[in-house]
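Asks: Pulled from TrEMBL, these are the listed features:
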{"type": "DOMAIN", "residues": "281-447", "note": "domain 'Helicase ATP-binding'"}
{"type": "BINDING", "residues": "C509, C512, C549, C552", "note": "Zn(2+) 1 binding site"}
{"type": "BINDING", "residues": "C518, C521, C536, C539", "note": "Zn(2+) 2 binding site"}
{"type": "DOMAIN", "residues": "544-701", "note": "domain 'Helicase C-terminal'"}
Amino acid sequence: MMIASVIVDVPAKQTDRAFDYRIPEQLKHVIQPGMRVVVPFGPRKIQGFVVGIKEKSDFDKLKSIVEPMDLSPVLNHELLQLGDWLTEQTLCYKISAFQVMLPAALKAKYDKKIRLANGYDVEILPLELQDLFCRNETILWADAVEKGILPLLQREASRGTVEVVYEVKERVKKKKLKHVFSKLTGNELSQAIQQLPANAAKQKEVIEYFIERPEPVELREILSALEISSATIKGLVQKGILGEKDMEVYRDPFAHREFQRTEPFPLTNEQEKAIGPILDSIEEKKQHVFLLYGVTGSGKTEVYLQSIQRVLQEGKEAIFLIPEISLTPQMVKRFKGRFGDQVAVLHSGLSTGEKYDEWRKIQRKEVKVVVGARSAIYAPFENIGIIIIDEEHETSYKQEENPRYHARDVAIERGRYHKCPVILGSATPSLETFARAQKSVYGLLTLSKRMNDQQLPTVQIIDMREELREGNRSMFSRFLLDKLKDRLEKKQQTVLFLNKRGHSSFIMCRDCGYVVNCPHCDISLTYHRFSQQMKCHYCGYEDSVPTTCPECNSEHIRYFGTGTQKVEEELGKILPEARVIRMDVDTTSRKGAHEKLLNEFEQGKADILLGTQMIAKGLDFPNITLVGVLSADTMLHLPDFRSSEKTFQLLTQVSGRAGRHELPGEVVIQTYTPEHYSIELAGEQDYDRFYDREMMIRKLHQYPPFYYISLITVSHENLMKVVSVTEKITHFISSKLSKDSIVLGPVASSIPRINNRYRYQCLIKYKREPRLGEAIKTVLDQYQQEINTNGLQISVDVNPYILM
Ligand SMILES: Nc1ncnc2c1ncn2[C@@H]1O[C@H](COP(=O)(O)OP(=O)(O)OP(=O)(O)O)[C@@H](O)[C@H]1O
Ligand SMILES: [Zn+2]
Ligand SMILES: [Zn+2]
């Protein structure tokens with residue numbers, strides 16, 4: 001008898017182990033480790049992953065596998081092992097570890113069918129199958145099971161003649177939004193304008209919009225772009241000029257694009273020196289982790305590209321990770337330009353189905369390079385030759401839900417398996433990584449000069465308190481304003497950066513200082529200009545903006561904070577001649593908008609690019625000679641020991657956008673705390689001194705990289721309950737650890753209540769605690785009953801990036 005060990009799709013403590021199932025005779029040669037199967041579990045039939053096959057079981061009465069869900073394994077041997085490792089490292093359930101490695105389509109609801117693979121004729125199939133495929137383009141999986149032809153199909157699948165397709169049900173991920181489109185041709189529209197009454201200015205504006213851009217547009221977008229109400233559109237719909245329909249908003253922006261092929265540059269001396277050890281490591285087939293520490297614009301990307309090229313020559317595959325926010329069209333162009341259609345791109349703009357298609361290209365070895373954000377680290381390649389993590393310091397590489405993994409750790413683990421180099425690249429490495437490079441745990445490769453031999457841009461720090469004292473109440477210092485005017489005259493471009501992170505716009509009473517908070521969470525509500533609503537970002541609570549202050553009845557209660565729209569308005573007043581492109585979540589929510597705006601800026605259609613985090617990275621335009629940072633310190637005051645590091649990194653990245661080509665660059669940083677070392681040293685672009693300074697502080701306060709930390713957060717509706725459970729946990733953990741470790745708690749989390757649940761935490765700092773994982777598991781076991789029945793929640797984050 002053949003028996004399969006199966007991890008079932010029930011993420012709970014009691015089911016977090018393999019269950020044995022009998023493999024029915026007719027599936028004996030079908031079932032393999034790494035396949036998904038349907039198994040009976042209690043009264044239900046659920047999905048599971050086969051993790052092993054054996055001949056004996058300790059149990060006698062085994063149930064049988066109902067059917068397989070795949071023709072070939074979706075998780076290869078390496079990824080199955082990686083799942084075990086993830087479980088150990090992040091203390092998550094096995095099933096969560098497997099699921100995080102797969103595209104959403106394989107988790108979702110779907111219709112499963114089998115069809116002839118592209119380029120094959122029915123004649124290639126055995127007779128029994130020919131008949132079926134002659135009559136139908138696809139065969140339902142369920143029918144194939146019933147007819148008993150799965151083994152036949154499987155043989156064909158391994159020859160590549162048939163394939164399984166999943167049709168993701170619409171409901172799952174695809175988002176449909178109301179779009180407006182023109183029912184008339186360009187000429188007809190022009191005529192229609194003539195026929196409108198003279199006072200229909202708004203309607204005329206809409207028609208002009210469609211003459212310029214005939215494609216359908218999302219309703220919400222045109223309303224905000226033209227600042228009109230939906231009544232204007234309705235009027236045009238009634239006249240039969242426009243139509244409305246629901247349309248899918250996701251599209252692959254690269255689908256129909258031709259990419260111009262580029263050739264490798266001859267490397268500079270510095271680049272040669274940096275790439276040498278990487279190429280050696282590829283040659284020797286040895287795992288090696290490198291930090292490529294190169295200032296902005298020093299040609300890191302070219303080093304990545306040429307390393308990948310070597311890997312491809314060896315017949316191997318490459319994974320290139322980049323933060324979602326930097327996964328710009330420019331970056332994609334550089335990869336597709338060099339490697340053509342050997343590149344798969346995984347980004348959040350793809351629909352579930354499109355992501356699944358890209359994943360399948362990887363699995364079927366149709367591509368050799370994957371470029372993508374965090375989850376692309378699980379690309380199912382089997383012969384990896386290099387893994388590269390660009391902007392390795394970015395915190396988005398840490399997943400903030402279970403399994404709480406860091407892509408850097410996964411990369412190093414996979415590199416170990418494949419015996420290949422792992423490259424961590426940054427101009428501002430994380431302290432953890434730089435410290436390891438200093439201790440030679442990682443190889444240190446340095447690019448200290450910019451490509452064009454230009455100096456790094458000069459940086460001027462402006463004290464905004466001083467401005468205020470001298471009567472300047474504007475959000476622009478006089479110095480920055482002068483520079484802006486100067487660039488306008490010279491017809492050079494400026495990037496204006498507004499730091500939004502940790503800086504939400506809230507509603508405040510100017511008379512009494514009252515701030516509107518969420519009634520369920522101890523945090524202020526965020527104002528959403530578009531819907532004119534206030535929203536809680538933690539529980540979703542929504543309310544309209546009060547017209548008078550609930551505290552003092554004053555009418556001076558309003559939106560506070562500097563949004564990009566507000567900056568744009570102010571620019572319009574002080575520099576009316578400047579052409580401004582604004583990039584933020586509002587103007588880039590539509591697919592392709594991001595690229596379109598950047599293209600316009602590149603083509604010189606604007607003088608100033610104004611934006612948030614999304615413009616801090618990756619821009620490489622020759623005409624940018626000035627970068628202005630409007631609010632440098634908003635992030636400094638977050639309750640997070642990494643806030644100085646994040647501020648330094650961000651300021652350095654933004655500054656790096658200026659003067660990357662022939663023209664020299666200049667940076668102006670406005671701040672209320674010019675004396676803070678992370679701002680001062682970002683001004684000097686002196687990473688090394690920042691590193692020394694910050695390391696001293698980390699050492700003093702016993703934080704990473706001197707100590708590891710783990711965070712346990714307890715939450716419950718009853719405050720007393722939370723405090724007492726956290727206290728017990730703190731005691732228990734302390735008793736299990738060595739005296740060199742520090743256990744802090746119980747303390748209230750920095751957001752002490754979310755969705756009416758109180759939150760307390762216990763923070764553990766340690767250098768080496770092999771028994772910590774076990775101790776935490778014991779805690780979870782002990783409270784399992786309460787977690788299941790009375791709503792207690794305990795979450796564990798090993799190496800947390802968010803401490804709130
Ligand atoms: N060897 C080379 N010869 C000529 N030009 C090069 C060479 N290497 C890189 N470049 C060009 O120099 C510019 C900067 O290089 P690149 O964008 O690779 O730097 P980077 O270090 O990745 O920058 P950042 O991290 O700031 O985005 C690019 O326009 C690139 O095409
Ligand atoms: Zn008030
Ligand atoms: Zn809330």
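In case you wondered, yes, glycine gets a Cβ from its N, Cα and C as well.
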Asks: With every protein chain in view, how many other Cβ atoms are within 10 Å of the Cβ of C549 (Zn(2+) 1 binding site)?
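Replies: The Cβ of C549 (Zn(2+) 1 binding site) has 21 Cβ neighbours within 10 Å.
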Asks: Here are some binding-site residues: C509, C512. Which one has the most Cβ atoms within 10 Å of its Cβ?
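Replies: Compared across C509, C512, the most Cβ atoms within 10 Å surround C509.
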Asks: Please go through the binding-site residues C512, C521, C536, C549 one by one and keep those whose C-beta falls under 6 A from any atom of ligand 2; give the result in sequence order.
Replies: C512, C549
Asks: Using only C-alpha positions, which one of C518, C521, C536, C539 is spatially nearest C552 (Zn(2+) 1 binding site)? These are the binding-site residues in the record.
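Replies: Out of the listed candidates, the nearest Cα belongs to C518.
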Asks: Under 6 Å from ligand 3 by C-beta, which of these binding-site residues make it: C509, C512, C518, C521, C536, C552? Sequence order, please.
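Replies: Once distances to ligand 3 are taken from each Cβ, C518, C521, C536 fall under 6 Å.
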Asks: Mean pLDDT for the domain 'Helicase C-terminal' (544-701), rounded to an integer?
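Replies: The answer is 85, the mean pLDDT of the model over that range.
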Asks: Tell me whether C512 (Zn(2+) 1 binding site) sits in a helix, a strand or coil according to DSSP.
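Replies: In three-state terms, C512 (Zn(2+) 1 binding site) counts as coil.
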Asks: Other than C509, C512, C549, C552, which residues of the same chain sit close to Zn(2+) 1? List them in sequence order, counting a residue when its Cβ is within 8 Å of the Cβ centroid of the site.
Replies: R510, D511, G513, Y514, P550, E551, N553, S554, H556, I557
Asks: Within the same chain, and leaving aside C518, C521, C536, C539, name every residue whose CB is within 8 angstroms of the centroid of the CB atoms belonging to the recorded Zn(2+) 2 site, in sequence order.
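Replies: For the Zn(2+) 2 site, the extra neighbours are P519, H520, I523, L525, H537, Y538, G540, Y541, I754, N755.
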Asks: Rounded to the nearest angstrom, how far is the Cα of C518 (Zn(2+) 2 binding site) from the Cα of C512 (Zn(2+) 1 binding site)?
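Replies: Computed Cα spacing between C512 (Zn(2+) 1 binding site) and C518 (Zn(2+) 2 binding site) is 18 Å.
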Asks: Could you measure between C521 (Zn(2+) 2 binding site) and C549 (Zn(2+) 1 binding site) for me? Cα positions, answer in whole angstrom.
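Replies: That comes out at 20 Å between the alpha carbons.
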